[in-house]
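Colleague: Take this structure first; my questions come after.
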2 protein chains.
Amino acid sequence: MQRILSTELARHTGETVTVAGWVHRRRLLKSVAFLIVRDAAGLTQVVVTEPELRARVEELGEESVVELTGTVTANPAAPAGAELTAPVLRVLSAVGVPLPFDLHRPALSATLPTQLDHAALSLRHPSRATALRIAAAATAGFRATLERRRFVEIHTPKIVAAATESGANVFALDYFGRPAYLAQSPQFYKQLMVGVFERVYEVGPVFRAEPHDTARHLAQYTSLDAELGFIADHRDVMAVLTEVVAGMTATVAERTGAAVPTVPAEIPAVHFAEALRIAGAPADEPDLAPAHERALGEWALREHGSEFVFVTGYPMRKRPFYTHPQPSDPVWSNSFDLLFRGLELVTGGQRLHRHADYEAALAARGEPAAAYRGYLDAFRYGMPPHGGFAIGLERFVARVTGAANVREVTAFPRDLHRITP
Amino acid sequence: MQRILSTELARHTGETVTVAGWVHRRRLLKSVAFLIVRDAAGLTQVVVTEPELRARVEELGEESVVELTGTVTANPAAPAGAELTAPVLRVLSAVGVPLPFDLHRPALSATLPTQLDHAALSLRHPSRATALRIAAAATAGFRATLERRRFVEIHTPKIVAAATESGANVFALDYFGRPAYLAQSPQFYKQLMVGVFERVYEVGPVFRAEPHDTARHLAQYTSLDAELGFIADHRDVMAVLTEVVAGMTATVAERTGAAVPTVPAEIPAVHFAEALRIAGAPADEPDLAPAHERALGEWALREHGSEFVFVTGYPMRKRPFYTHPQPSDPVWSNSFDLLFRGLELVTGGQRLHRHADYEAALAARGEPAAAYRGYLDAFRYGMPPHGGFAIGLERFVARVTGAANVREVTAFPRDLHRITP
């Protein structure tokens, strides 16, 4: 018999159906036993009165996988508005060991390290599973928004010959006897692909050998990258990003029902120099400290009713060499951060697009152009003005759900101490 | 002025518009010069008669990035059905070096290694760009088909503690001073996630330290993975795969106009023992040789009018330890390969789902269960019967387009000899 999901139960009242799932909970009362079965959609209550079946149910460990065929009987008190009665039980996988923690309580009581040690189990808890459903929905919203704007999906190498970008914090590997590195971002590749498709995006893993053990850093995370050509400046990138974040939150709300922040049609933007003034920071500060970002978040909410705020024009010396300077004053850059509730959510900006500008930028920083040759060569062959951004998926989900630690919203996190499961 | 694409030109006849793109070609006739500008959508013909502008056009290297504002004039002979006249030219990026090969000819004349050395340039050629658009469309079709069937997207670790699966051919890396490996597949993780969402998929890179230099192996490729629970056996997996391949080819046809094979509603399936007989191979052959696969492809086309054929039941000893045996005769397995035009396209099957079965399978192969502990523990906590498949994206695109070498359809391939660009 074709299996139905718990959420389909009520519309089969009076019929014989099969449900299947995990033993979420058993309530063994004197005259009756209730077996609560969890499937991907929700919970089904199964009523057990027959003594022989009750004996089998008493033996069943929680999280055993079962299949039950029975009659659907209306019961407004049951989780699905109906329950299964007179069931026939088939055990698909019996659990014979005690669980390291309960899954049927509203919150997981185990510590985060214990949850992560038993990720295959803890992720079954609604609080953990919902975060991953939110991540999936956010990713779908990212893609759909960009596809509508004719961005093309790309897949780029994760093994690279040179430790570029920040230089530090790269994982080294043995590539057929030669040294190689795990890519810290698809930055250079997505830029090159602007020369092919004008507008590209990639969803993929990036790797940082992050030596700090914090609540927001992972050694591997999922980066949602976009890059587009034929822009006037970074403001064209900010307009696309605004649309993308709105598409992500709308898809999260639609698919998961989670509460999401309102993304204004135009997110307030403030130049770095002005941001320092608003935050009460000295005018010669080279970057925004966490307290400054919080102050800007409060300012945006107070003055513009927005939980989001763009800070633009960060000092060139604090941005990577490929950043495009602000034409009116090259001390500043055509870059931006998007802050959400006073925390950095996305970084982006306009990039250099002329070969000579790259050579000058590297020379000014004392970096040898040779290390970037494969990348720079492409700029000899005609690249349009372009820019883009990267959204860290796990950090985005943590900010939207209010999770204190990015590991709570990552299926199998990798960090300084953790490489299993 | 807002830029329009080449394909939008004809509907602006008589208006002043701006187009932008790459100098694809120049035709310098005596009384007139034609500048052919390529953008992401196609080509625009620009008519240059004014002597000063002509002098500037003569200076322009191919692939220079330009912006042109002019009047749209109907011309059925022009690529877009209209051309741009009386243009004003703005050069966004001038190319001052000769190109290593021409992009405006119908086929790239450079050898494949030269194309790959200059990937940022060669990928701009329609033949190469189209293959990547086909890959993007195939991926979109994969996701859309699975989302409709309530599969949830996941992201799993690419850095793992143990070299599992095939054991050999893994890349080793230094993980904060400890040995670690690049994941050869998301196999174990997607299985564990069946315990959370019942049905999951992942699109991501996988890594093989492939020591052979062949036309179909890469050190990194994009794997389209799916896994589903609560199946009766491998035939439920084959039904989903059939739908997925049909969804992929349909999306490729719809988005790119490429010719795609017809996927039958039910792909013919033949058991391994029968496949050997059809291929004229000895009954004790442990695997299908390429000649056998070709013979099966011909048989399926002849007998069933299908370019696709499933071979099921491969001998257990040729399949990985997590493979579920055929219940009626455990010499065979509940696994399958999908052949397309006589070549293996997809591998999949039912997996073991009980902890004790895993322990027995590893013991029978003399493999220590300890190496798989994090993976196996999950099976103590209740896993449903499940199975899945993995599609190599680049190989799929090569088969559909008829490319002789998988590198022709990969943006920046990685292999034994190549790690740049």
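All residue numbers here begin at 1 and follow the chain in the order shown.
Placed from the backbone N, Cα and C atoms, the Cβ positions cover glycine too.
Sharing the feature lines straight out of TrEMBL:
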SITE      A:Pro79  site 'Important for tRNA non-discrimination'
DOMAIN    A:142-421  domain 'Aminoacyl-transfer RNA synthetases class-II family profile'
BINDING   A:Glu165, A:Arg208, A:Thr347, A:Arg351  L-aspartate binding site
REGION    A:187-190  region 'Aspartate'
BINDING   A:Arg208, A:Ala209, A:Glu210, A:Arg216, A:His217, A:Leu218, A:Glu344, A:Gly392, A:Leu393, A:Glu394, A:Arg395  ATP binding site
Colleague: Out of A:Arg208, A:His217, A:Arg351, A:Arg395, which has the highest number of nearby Cβ atoms, where nearby means within 10 Å of its Cβ, if these are the binding-site residues?
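Modeller: Sorting the candidates by Cβ neighbours within 10 Å, the top entry is A:Arg351.
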Colleague: Reduced to three states, what secondary structure does DSSP give A:Arg395 (ATP binding site)?
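Modeller: Where A:Arg395 (ATP binding site) sits, the three-state DSSP reduction gives helix.
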Colleague: Measuring Cα to Cα, how far is A:Arg351 (L-aspartate binding site) from A:Leu393 (ATP binding site) in Å?
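Modeller: Here the two Cα atoms are 22 Å apart.
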Colleague: In sequence order, which residues at least six apart in the same chain have a CB under 8 Å from the CB of A:Leu393 (ATP binding site)?
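Modeller: Those within reach of A:Leu393 (ATP binding site), by Cβ under 8 Å and sequence separation of 6 or more, are A:Ala135, A:Ala138, A:Thr139, A:Val203, A:Tyr221, A:Thr222, A:Ser223, A:Leu224.
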Colleague: Sequence gap of 6 or more, Cβ distance under 8 Å: name the residues on the same chain that satisfy this around A:Glu344 (ATP binding site), in order along the sequence.
Modeller: A:Glu293, A:Asp337, A:Leu338
Colleague: How big is the gap, in Å, between the Cα of A:Pro79 (site 'Important for tRNA non-discrimination') and that of A:Thr347 (L-aspartate binding site), rounded to a whole number?
Modeller: 44
Colleague: Would you mind reading off the Cα separation of A:His217 (ATP binding site) from A:Arg208 (L-aspartate binding site), to the nearest angstrom?
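Modeller: A Cα-Cα distance of 9 Å.
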Colleague: Give me the count of other Cβ atoms within 10 A of the Cβ belonging to A:Thr347 (L-aspartate binding site).
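Modeller: So the number of other Cβ atoms within 10 Å of A:Thr347 (L-aspartate binding site) is 16.
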Colleague: I'd like the per-state residue tally for the region 'Aspartate' (A:187-190) from DSSP, helix first, then strand, then coil.
Modeller: 4 helix, 0 strand, 0 coil
